[in-house]
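Following: one structure in structure tokens, then a few remarks.
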Amino acid sequence: MTDSHGTLVRRRGLMLVMSSPSGAGKTSISRRVLELEPELSLSVSVTTRPRRPGEEDGVHYHFIDRESFDRMIAGEELLEHAEVYGNCYGTPRSAVEAALAAGRDVMFDIDWQGAQQLRATASRDVASLFILPPSVPELARRLRTRAQDAEDTVRYRLGQVASDVTHWAEYDYVLVNACFDESVERVRAILAAERLKRERQPGLNEFVAGFRNAGSYEP
Ligand SMILES: Nc1nc2c(ncn2[C@@H]2O[C@H](COP(=O)(O)OP(=O)(O)O)[C@@H](O)[C@H]2O)c(=O)[nH]1
Ligand SMILES: Nc1ncnc2c1ncn2[C@@H]1O[C@H](COP(=O)(O)OP(=O)(O)O)[C@@H](O)[C@H]1O
């Protein structure tokens, strides 16, 4: 049997974790990659942050109040969670586990604290990518032209950039998001390479055993 990639060997789902300073482009890149990669799902986080115009509950985030958030932590329903820019964010466990069990890959748009927690609990399954903007002025321009946050929120997020970027070296891959289409293709290249990693193909032993008697093969 082959899947839609023509893969012959059973594969273990991977967790592609993407982080960046706010406004560097990870949401736009991840949306485009998801459209192009049928075997990839997005982990939809819970957050206590107010909904932005155009954001849909259950699609971009599950928007919940602080009480529900604390209840999810207490019930161990979150794979990781963190406070980021003054709001709480977390990754619901059940959807991720269901996707991985079905052999699907899962993409995460989470901050460096969440990435650290996922690496600590599931390092074998995690591939991580840090996205940088091309420059500070361009980052400021992107945050403002997105036009979804108040000016004081934009200023606060810009103020966090210096400390956000200190985490770049914790990631497997680093990408400067200058040309959008090129960035999308680079993320797809990372996915393609990660999918071919030996340890992500648990069916390889069995598959290779099928070549044992090649010497006695009679066409
Ligand atoms: N740890 C963690 N961080 C998250 C989660 N969901 C989103 N974030 C991060 O929270 C930060 C703020 O996200 P958001 O308010 O949507 O603004 P954005 O930075 O413009 O995308 C970003 O760094 C996200 O990657 C989550 O479930 N866990
Ligand atoms: N390569 C790029 N060139 C120019 N603008 C970009 C690029 N990537 C993203 N953007 C724009 O920058 C803004 C912030 O991007 P977004 O994906 O929301 O960032 P993040 O999720 O990292 O906060 C959006 O308006 C988006 O359209």
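Each position is counted from 1, following the chain as shown.
Cβ coordinates are placed from backbone N, Cα and C, and glycine is handled just like the others.
Features reported for this protein in TrEMBL:
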DOMAIN    13-192  domain 'Guanylate kinase-like'
BINDING   SER20, PRO21, SER22, GLY23, ALA24, GLY25, LYS26, THR27  ATP binding site
**Asked** Taking SER20, SER22, THR27 as the binding-site residues to compare, which has the smallest set of other Cβ atoms within 10 Å?
**Response** THR27
**Asked** Is LYS26 (ATP binding site) helix, strand or coil when read with DSSP?
**Response** helix
**Message:** With every protein chain in view, what's the tally of Cβ atoms within 10 Å of the Cβ of GLY25 (ATP binding site), excluding that atom itself?
**Reply:** 23
**Fill in**
Listed in sequence order, the binding-site residues from SER20, PRO21, SER22, ALA24, GLY25, THR27 whose CB sits under 6 Å from ligand 1 are SER22, THR27
**Asked** In sequence order, which residues at least six apart in the same chain have a CB under 8 Å from the CB of ALA24 (ATP binding site)?
**Response** ILE131, LEU132, PRO133, LEU139, ARG142, ASN177
**Asked** Which residues, in sequence order, are found in the same chain with Cβ within 8 Å of the centroid defined by the Cβ atoms of SER20, PRO21, SER22, GLY23, ALA24, GLY25, LYS26, THR27 at the ATP site, excluding those residues themselves?
**Response** ILE131, PRO133, LEU139, ARG142, ASN177
**Fill in**
When each of the binding-site residues PRO21, GLY23 is scored by other CB atoms within 10 A, the minimum falls on GLY23
**Complete:** Reduced DSSP state (H/G/I helix, E/B strand, rest coil) at PRO21 (ATP binding site) is coil
